């Protein structure tokens, strides 16, 4: 177990998020194995492991060092075809999966959650090795949310159902909620385990089958979970996992004529491509959770200490690699100077380093491409006239670490105020009135999330209604629960994940009407 100082550090991390997971337990964190053994690096189809048909592999890299962890089978169109064929067979009428009681689907999901909990320490270490996020976060935050998500949807398995309908005439009418069928799911690298759970939970609870493409940057934890899916007792073909690249494996899923639905989390640019491919093929249903440039509005009456800490967390959590990061911090002018001063001090105190060290708050960026992209945005900010207040460069000689960076005097037209940076770069903007900040906050192609910090309930309610965003947090940030839907307006995507709303995208509603001799009330 971690010593008391390490546990205190874990508690500090959780206080920053102030219940990112709605009710994160403060608990002892087992010491990690910093070199976890790699058990699975192949393609998972029909509950079996396969090399890629092409025999190609790709390296997955430790972002803390730049060293190759291992090579992983590189799936492409032929492998996706084989996975879809297996999924389609598992979905045939009369198959073991289709014949399974809804309550038993819930039992399997609960069993999967139990197995993940059993191997939680290993999975947290593997996630940190492959992704770079602090181990304390992997264990206390990501894995906790994974377990809650799977167990939440396990509970829905036998409770999401149709209705009887009192139509006119001598008829009996009712609805059925039926599974869509073969669901293609494409998950990102910033929260590999969590995004896998967000996708699998509602799909499996409602009786679908899955072909999942995992990110080439972070395939390892998803592949380990694949083996737990088999151990839990899911029939062959119900879940198939293909590691590979977006332009090959991802594109094959999006355009496949025998895939009934695709769910994607990632960039808006790729979301466009998936939407087009889905439309050009078989008009498959699409759920997209895309980019954001979320406004975080600090009113002059806000609790300053809390607002500074939460604004810091809103931007820097997960190395800034969050689609809903509070990446436009709007501060009312009469507290602007003090807020900026405190925010810079907080950023300078942020501990960057080895993600397996319990004191670390910030690990590396995911890869060299993102590392260079973020440094390019920092250069752009300086060139366009924003004031660099701290950070601005690499934080280590090895790996993809970037200093916590804060810009002041940011204007709406600057590149760093318009585009998603996806890194530890905070932009602070000044405003005068509520009406002004509403207009500026909504003047974005994105609409994923927003936040308001104020002690005035009228202001909070007014801003919550006015902001064009799928989620608005009041006096908090990044508070998620499996019960609450998440998704975006505008170019931040379509559809919702989590909660009861998250089940809708995975079901078809069928109306059945039966002629009866006589209907009585």
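Backbone N, Cα and C atoms are what each Cβ position is placed from, and that goes for glycine too.
So that you can see what the record holds, here are the features copied from Swiss-Prot:
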- 289: active site, proton acceptor (ACT_SITE)
- 323: active site, nucleophile (ACT_SITE)
- 266, 267, 268, 269, 270, 271: NAD(+) binding site (BINDING)
- 56: N6-acetyllysine (MOD_RES)
- 77: N6-acetyllysine (MOD_RES)
- 163: N6-acetyllysine (MOD_RES)
- 372: N6-acetyllysine (MOD_RES)
- 379: N6-acetyllysine (MOD_RES)
- 387: N6-acetyllysine (MOD_RES)
- 430: N6-acetyllysine (MOD_RES)
- 432: N6-acetyllysine (MOD_RES)
- 445: N6-acetyllysine (MOD_RES)
- 455: N6-acetyllysine (MOD_RES)
- 13-28: motif 'SIFI-degron' (MOTIF)
- 1-21: transit peptide (TRANSIT)
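Under the DSSP three-state reduction, residue 289 (active site, proton acceptor) is assigned to strand.
DSSP classifies residue 430 (N6-acetyllysine) as strand under the three-state reduction. DSSP assigns residue 455 (N6-acetyllysine) to coil in the three-state reduction, placing it in neither a helix nor a strand. For residue 56 (N6-acetyllysine) paired with residue 270 (NAD(+) binding site), the C-alpha to C-alpha distance reads 24 Å. Reduced to three states, the DSSP call for residue 387 (N6-acetyllysine) is strand. Most other Cβ atoms within 10 A: among the recorded positions 270, 323, that distinction falls to 323.
Put simply, the residue listed as 'active site, proton acceptor' is 7 Å from residue 266 (NAD(+) binding site) when counted between their Cα atoms.
Here the C-alpha separation of residue 430 (N6-acetyllysine) and residue 372 (N6-acetyllysine) works out to 28 Å. Geometry remark: residue 379 (N6-acetyllysine) versus residue 372 (N6-acetyllysine), CA distance 11 Å. Look at residue 271 (NAD(+) binding site): DSSP puts it in a helix. Within the model, the motif 'SIFI-degron' (13-28) shows a mean pLDDT value of 49, rounded to a whole number. When the Cα atoms are compared, residue 323 (active site, nucleophile) and residue 269 (NAD(+) binding site) turn out to be 13 Å apart.
Using a 10 Å Cα-Cα cut-off from residue 268 (NAD(+) binding site), the recorded positions that qualify among 163, 289, 372, 455 are 289.
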